[in-house]
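As annotated by TrEMBL, domain 'Ig-like' applies to 18-121, 126-215. Under the heading transmembrane segment, TrEMBL lists 223-246. Here TrEMBL flags 260-324 as region 'Disordered'. What TrEMBL records for 271-307 is compositional bias 'Polar residues'.
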(Lines of atoms letter the chains of each structure in order from A and count residues from 1; the text may use other names and numbers.)
(Lines give C-alpha, C1' and ligand atoms only; values in the text may rest on other atoms or scores of the structure.)
Protein backbone atom coordinates (compact mmCIF):
# COMPACT_ATOMS: atom_id res chain seq x y z
CA UNK A 1 0.00 0.00 0.00
CA UNK A 2 1.39 3.39 -0.96
CA UNK A 3 1.41 6.25 1.57
CA UNK A 4 2.85 9.79 2.00
CA UNK A 5 6.64 9.87 1.62
CA UNK A 6 9.40 12.54 1.64
CA UNK A 7 11.76 12.23 -1.30
CA UNK A 8 14.55 14.64 -0.23
CA UNK A 9 17.66 13.32 1.55
CA UNK A 10 17.32 12.88 5.32
CA UNK A 11 19.85 14.26 7.83
CA UNK A 12 21.45 16.54 5.24
CA UNK A 13 24.19 18.98 6.31
CA UNK A 14 24.40 22.52 5.00
CA UNK A 15 27.18 25.07 5.58
CA UNK A 16 26.62 28.62 4.49
CA UNK A 17 28.29 31.95 5.05
CA UNK A 18 26.71 34.73 7.03
CA UNK A 19 24.64 37.04 4.84
CA UNK A 20 23.98 34.41 2.19
CA UNK A 21 20.77 32.50 1.32
CA UNK A 22 20.04 28.83 1.95
CA UNK A 23 17.31 26.52 0.70
CA UNK A 24 16.37 23.66 3.00
CA UNK A 25 14.79 20.92 0.81
CA UNK A 26 11.57 19.15 1.69
CA UNK A 27 9.86 17.46 -1.26
CA UNK A 28 7.15 14.85 -0.81
CA UNK A 29 4.76 12.57 -2.68
CA UNK A 30 1.11 12.14 -1.63
CA UNK A 31 -0.81 8.86 -1.70
CA UNK A 32 -4.26 8.32 -3.05
CA UNK A 33 -5.24 6.88 0.26
CA UNK A 34 -4.38 10.11 2.11
CA UNK A 35 -7.61 12.01 2.16
CA UNK A 36 -7.16 14.40 5.11
CA UNK A 37 -6.10 18.09 4.99
CA UNK A 38 -2.48 18.78 4.07
CA UNK A 39 -0.26 20.37 6.77
CA UNK A 40 3.40 21.34 6.33
CA UNK A 41 5.43 22.57 9.32
CA UNK A 42 9.01 23.72 9.73
CA UNK A 43 10.29 23.63 13.30
CA UNK A 44 13.63 24.50 14.94
CA UNK A 45 14.88 21.79 17.29
CA UNK A 46 16.80 23.38 20.21
CA UNK A 47 20.21 22.08 21.23
CA UNK A 48 18.85 21.61 24.73
CA UNK A 49 16.54 18.62 24.74
CA UNK A 50 14.66 20.08 27.70
CA UNK A 51 13.28 22.90 25.54
CA UNK A 52 10.32 22.59 23.21
CA UNK A 53 10.46 22.74 19.44
CA UNK A 54 9.80 26.16 17.92
CA UNK A 55 7.48 26.43 14.91
CA UNK A 56 8.90 28.95 12.42
CA UNK A 57 6.53 28.59 9.43
CA UNK A 58 3.45 26.50 8.58
CA UNK A 59 1.09 25.73 5.69
CA UNK A 60 -2.44 24.65 6.60
CA UNK A 61 -5.86 24.83 4.97
CA UNK A 62 -4.39 26.51 1.92
CA UNK A 63 -2.83 29.31 3.98
CA UNK A 64 0.74 30.18 5.03
CA UNK A 65 1.53 31.21 8.62
CA UNK A 66 5.00 32.70 9.19
CA UNK A 67 4.69 34.86 12.32
CA UNK A 68 5.57 32.24 14.93
CA UNK A 69 9.33 32.89 15.24
CA UNK A 70 10.32 36.55 15.40
CA UNK A 71 14.05 35.83 14.90
CA UNK A 72 13.48 34.89 11.25
CA UNK A 73 10.37 36.90 10.51
CA UNK A 74 10.74 38.60 7.14
CA UNK A 75 13.75 36.44 6.23
CA UNK A 76 12.02 33.12 5.45
CA UNK A 77 9.53 31.83 2.91
CA UNK A 78 8.38 28.65 1.15
CA UNK A 79 10.39 28.05 -2.00
CA UNK A 80 7.16 27.22 -3.89
CA UNK A 81 4.28 29.61 -3.27
CA UNK A 82 1.96 26.57 -3.57
CA UNK A 83 3.46 23.93 -1.23
CA UNK A 84 0.61 21.44 -1.84
CA UNK A 85 2.17 20.71 -5.25
CA UNK A 86 4.71 18.53 -3.46
CA UNK A 87 7.46 21.07 -2.66
CA UNK A 88 7.56 22.27 0.92
CA UNK A 89 11.22 23.48 0.79
CA UNK A 90 12.16 26.52 2.92
CA UNK A 91 14.28 29.54 1.95
CA UNK A 92 16.10 31.54 4.65
CA UNK A 93 17.52 34.88 3.50
CA UNK A 94 20.37 37.00 4.90
CA UNK A 95 21.66 34.26 7.16
CA UNK A 96 23.01 35.06 10.60
CA UNK A 97 25.25 33.04 12.86
CA UNK A 98 22.28 32.65 15.25
CA UNK A 99 20.44 30.71 12.54
CA UNK A 100 22.73 27.75 13.13
CA UNK A 101 20.73 24.75 14.32
CA UNK A 102 18.68 21.68 13.42
CA UNK A 103 15.58 22.19 11.30
CA UNK A 104 12.80 19.60 10.80
CA UNK A 105 10.22 19.43 8.05
CA UNK A 106 6.90 17.69 8.93
CA UNK A 107 4.32 16.74 6.29
CA UNK A 108 0.89 15.54 7.43
CA UNK A 109 -2.04 14.23 5.39
CA UNK A 110 -4.17 11.81 7.27
CA UNK A 111 -3.49 9.11 7.83
CA UNK A 112 0.07 9.64 6.56
CA UNK A 113 2.77 11.57 8.50
CA UNK A 114 6.46 12.00 7.48
CA UNK A 115 9.37 14.21 8.65
CA UNK A 116 13.04 14.85 7.97
CA UNK A 117 15.86 16.76 9.78
CA UNK A 118 18.45 19.09 8.27
CA UNK A 119 21.53 20.47 10.04
CA UNK A 120 22.41 24.08 9.16
CA UNK A 121 25.72 25.72 10.07
CA UNK A 122 26.07 29.44 9.42
CA UNK A 123 29.75 30.38 9.31
CA UNK A 124 31.43 33.79 9.22
CA UNK A 125 33.93 34.45 6.44
CA UNK A 126 37.39 35.72 7.39
CA UNK A 127 37.36 39.52 7.46
CA UNK A 128 39.57 42.45 8.47
CA UNK A 129 42.73 40.42 8.01
CA UNK A 130 45.89 42.35 8.93
CA UNK A 131 49.55 41.68 8.18
CA UNK A 132 52.48 42.95 10.25
CA UNK A 133 56.24 42.56 10.74
CA UNK A 134 57.87 41.72 14.04
CA UNK A 135 61.60 42.03 14.62
CA UNK A 136 64.47 44.06 13.19
CA UNK A 137 64.62 44.18 9.40
CA UNK A 138 68.42 43.96 9.31
CA UNK A 139 70.73 41.58 7.52
CA UNK A 140 71.43 38.50 9.64
CA UNK A 141 68.44 39.01 11.95
CA UNK A 142 65.36 36.81 12.31
CA UNK A 143 62.15 38.42 11.04
CA UNK A 144 58.58 37.22 11.66
CA UNK A 145 55.67 38.09 9.40
CA UNK A 146 52.29 37.87 11.15
CA UNK A 147 48.78 37.44 9.74
CA UNK A 148 45.50 37.48 11.70
CA UNK A 149 41.81 37.90 10.86
CA UNK A 150 39.62 39.95 13.19
CA UNK A 151 36.53 38.01 12.13
CA UNK A 152 35.90 34.49 10.92
CA UNK A 153 34.51 31.21 12.14
CA UNK A 154 36.99 28.47 13.00
CA UNK A 155 38.82 26.69 11.72
CA UNK A 156 40.93 29.40 10.09
CA UNK A 157 43.97 28.59 8.00
CA UNK A 158 46.69 30.95 6.80
CA UNK A 159 48.86 30.62 3.69
CA UNK A 160 51.81 32.92 2.89
CA UNK A 161 53.15 33.58 -0.59
CA UNK A 162 55.61 35.97 -2.15
CA UNK A 163 54.16 38.21 -4.86
CA UNK A 164 57.37 39.94 -6.00
CA UNK A 165 60.77 38.80 -7.16
CA UNK A 166 61.05 35.04 -7.50
CA UNK A 167 57.53 34.60 -6.05
CA UNK A 168 58.83 31.78 -3.89
CA UNK A 169 59.28 31.80 -0.14
CA UNK A 170 62.92 31.97 1.04
CA UNK A 171 64.63 28.66 1.79
CA UNK A 172 64.93 29.47 5.51
CA UNK A 173 61.22 30.38 5.89
CA UNK A 174 59.10 28.47 8.43
CA UNK A 175 55.31 29.06 7.94
CA UNK A 176 52.65 28.10 10.49
CA UNK A 177 49.21 27.61 8.92
CA UNK A 178 47.34 27.67 12.21
CA UNK A 179 48.87 30.79 13.81
CA UNK A 180 49.52 32.74 10.60
CA UNK A 181 53.21 33.38 11.39
CA UNK A 182 56.01 33.18 8.82
CA UNK A 183 59.50 33.04 10.35
CA UNK A 184 62.42 34.14 8.16
CA UNK A 185 65.72 33.14 9.75
CA UNK A 186 69.01 34.89 9.02
CA UNK A 187 67.42 37.39 6.69
CA UNK A 188 69.32 38.79 3.71
CA UNK A 189 68.60 41.58 1.26
CA UNK A 190 67.31 38.96 -1.19
CA UNK A 191 64.39 38.43 1.17
CA UNK A 192 63.10 41.94 0.52
CA UNK A 193 59.80 42.15 -1.32
CA UNK A 194 56.01 42.02 -0.94
CA UNK A 195 54.46 39.06 0.87
CA UNK A 196 50.76 38.15 0.83
CA UNK A 197 48.73 36.15 3.36
CA UNK A 198 45.43 34.40 2.58
CA UNK A 199 43.12 33.56 5.53
CA UNK A 200 40.46 30.96 4.78
CA UNK A 201 37.77 28.75 6.30
CA UNK A 202 35.06 26.55 4.81
CA UNK A 203 32.94 29.46 3.60
CA UNK A 204 35.35 32.13 2.38
CA UNK A 205 38.75 33.81 2.23
CA UNK A 206 40.36 37.15 2.98
CA UNK A 207 43.78 38.55 2.09
CA UNK A 208 46.37 41.09 3.24
CA UNK A 209 49.93 41.99 2.23
CA UNK A 210 53.06 43.55 3.72
CA UNK A 211 56.36 44.82 2.32
CA UNK A 212 59.66 43.56 3.78
CA UNK A 213 62.77 45.71 3.37
CA UNK A 214 65.96 44.08 4.70
CA UNK A 215 68.76 46.66 5.19
CA UNK A 216 72.37 46.63 6.49
CA UNK A 217 72.88 47.11 10.25
CA UNK A 218 72.61 50.65 11.52
CA UNK A 219 75.86 52.41 12.55
CA UNK A 220 75.12 52.72 16.24
CA UNK A 221 78.33 54.67 16.99
CA UNK A 222 77.37 57.37 14.50
CA UNK A 223 73.87 57.54 15.93
CA UNK A 224 75.21 57.97 19.47
CA UNK A 225 77.69 60.63 18.36
CA UNK A 226 74.99 62.51 16.52
CA UNK A 227 72.73 62.36 19.56
CA UNK A 228 75.49 63.74 21.80
CA UNK A 229 76.31 66.57 19.39
CA UNK A 230 72.65 67.44 19.05
CA UNK A 231 72.25 67.52 22.82
CA UNK A 232 75.28 69.80 23.27
CA UNK A 233 74.03 72.18 20.60
CA UNK A 234 70.65 72.28 22.26
CA UNK A 235 72.21 73.07 25.65
CA UNK A 236 74.37 75.80 24.09
CA UNK A 237 71.35 77.47 22.54
CA UNK A 238 69.48 77.22 25.83
CA UNK A 239 72.41 78.75 27.77
CA UNK A 240 72.65 81.61 25.26
CA UNK A 241 68.95 82.37 25.62
CA UNK A 242 69.21 82.35 29.43
CA UNK A 243 72.22 84.71 29.27
CA UNK A 244 70.38 87.16 27.00
CA UNK A 245 67.34 87.15 29.28
CA UNK A 246 69.46 87.80 32.39
CA UNK A 247 71.37 90.63 30.67
CA UNK A 248 68.18 92.31 29.57
CA UNK A 249 66.75 91.99 33.06
CA UNK A 250 69.85 93.64 34.61
CA UNK A 251 69.71 96.52 32.13
CA UNK A 252 66.08 97.22 32.96
CA UNK A 253 66.84 97.12 36.70
CA UNK A 254 69.80 99.53 36.30
CA UNK A 255 67.70 102.03 34.32
CA UNK A 256 65.02 101.94 37.00
CA UNK A 257 67.54 102.63 39.80
CA UNK A 258 69.22 105.51 37.93
CA UNK A 259 65.85 107.13 37.31
CA UNK A 260 65.14 107.38 41.08
CA UNK A 261 68.66 108.38 42.28
CA UNK A 262 69.29 111.86 43.79
CA UNK A 263 71.63 114.06 41.78
CA UNK A 264 75.05 114.51 43.38
CA UNK A 265 75.34 118.27 42.56
CA UNK A 266 72.34 119.19 44.81
CA UNK A 267 73.61 120.25 48.30
CA UNK A 268 72.03 118.58 51.32
CA UNK A 269 69.64 120.60 53.52
CA UNK A 270 70.97 122.39 56.57
CA UNK A 271 70.54 120.65 59.87
CA UNK A 272 68.61 122.21 62.72
CA UNK A 273 71.50 121.98 65.15
CA UNK A 274 73.84 124.04 62.93
CA UNK A 275 71.18 126.76 62.50
CA UNK A 276 70.64 127.02 66.22
CA UNK A 277 74.36 127.23 66.97
CA UNK A 278 74.91 129.98 64.42
CA UNK A 279 72.03 131.98 65.85
CA UNK A 280 73.25 131.67 69.46
CA UNK A 281 76.81 132.63 68.46
CA UNK A 282 75.62 135.80 66.77
CA UNK A 283 73.60 136.81 69.81
CA UNK A 284 76.52 136.27 72.13
CA UNK A 285 78.67 138.59 70.07
CA UNK A 286 76.03 141.29 70.21
CA UNK A 287 75.46 140.98 73.95
CA UNK A 288 78.97 142.06 74.73
CA UNK A 289 78.16 145.68 73.80
CA UNK A 290 75.00 145.95 75.82
CA UNK A 291 74.77 148.36 78.75
CA UNK A 292 72.91 147.85 82.04
CA UNK A 293 70.36 150.40 81.05
CA UNK A 294 69.11 148.12 78.35
CA UNK A 295 68.65 145.10 80.60
CA UNK A 296 65.29 146.20 81.89
CA UNK A 297 63.76 146.20 78.44
CA UNK A 298 65.30 142.84 77.57
CA UNK A 299 63.77 141.04 80.51
CA UNK A 300 60.35 141.90 79.19
CA UNK A 301 60.90 140.29 75.85
CA UNK A 302 58.27 137.57 75.21
CA UNK A 303 59.60 134.07 74.58
CA UNK A 304 57.29 133.62 71.68
CA UNK A 305 59.34 136.09 69.64
CA UNK A 306 62.59 134.11 69.96
CA UNK A 307 63.35 132.47 66.56
CA UNK A 308 62.95 128.73 66.48
CA UNK A 309 65.45 126.22 65.14
CA UNK A 310 63.27 125.64 62.09
CA UNK A 311 63.62 129.28 61.02
CA UNK A 312 66.49 129.87 58.64
CA UNK A 313 67.89 133.18 57.58
CA UNK A 314 69.83 133.93 54.49
CA UNK A 315 73.21 135.53 54.94
CA UNK A 316 71.80 138.86 53.72
CA UNK A 317 69.09 138.88 56.40
CA UNK A 318 71.42 138.54 59.42
CA UNK A 319 70.62 141.57 61.71
CA UNK A 320 73.42 144.01 62.36
CA UNK A 321 73.59 144.95 65.98
CA UNK A 322 74.92 148.47 66.81
CA UNK A 323 76.79 149.09 70.05
CA UNK A 324 74.82 150.83 72.78
CA UNK A 325 75.63 154.55 73.45
CA UNK A 326 74.84 154.23 77.15
CA UNK A 327 77.93 153.94 79.28
CA UNK A 328 78.21 150.95 81.43
CA UNK A 329 78.11 151.61 85.20
CA UNK A 330 81.01 150.84 87.44
CA UNK A 331 80.06 147.42 88.62
CA UNK A 332 83.16 146.89 90.72
CA UNK A 333 81.93 149.44 93.22
CA UNK A 334 78.65 147.69 93.65
CA UNK A 335 80.26 144.40 94.37
CA UNK A 336 78.28 142.58 91.79
CA UNK A 337 79.27 140.55 88.81
CA UNK A 338 78.10 142.06 85.54
CA UNK A 339 75.52 140.03 83.66
CA UNK A 340 74.75 140.55 80.02
CA UNK A 341 71.05 140.26 79.22
CA UNK A 342 69.74 140.88 75.75
CA UNK A 343 67.24 143.70 75.27
CA UNK A 344 64.43 144.22 72.82
CA UNK A 345 64.22 147.22 70.56
CA UNK A 346 61.08 149.04 69.56
CA UNK A 347 60.65 147.12 66.37
CA UNK A 348 60.83 143.79 68.26
CA UNK A 349 64.38 142.82 67.25
CA UNK A 350 66.97 141.72 69.77
CA UNK A 351 69.85 144.19 70.44
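Backbone N, Cα and C define each Cβ position, glycine as well.
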Reported mean pLDDT - the domain 'Ig-like' (18-121): 91
Secondary structure tally of the domain 'Ig-like' (18-121) (DSSP, helix then strand then coil): 9 helix, 50 strand, 45 coil
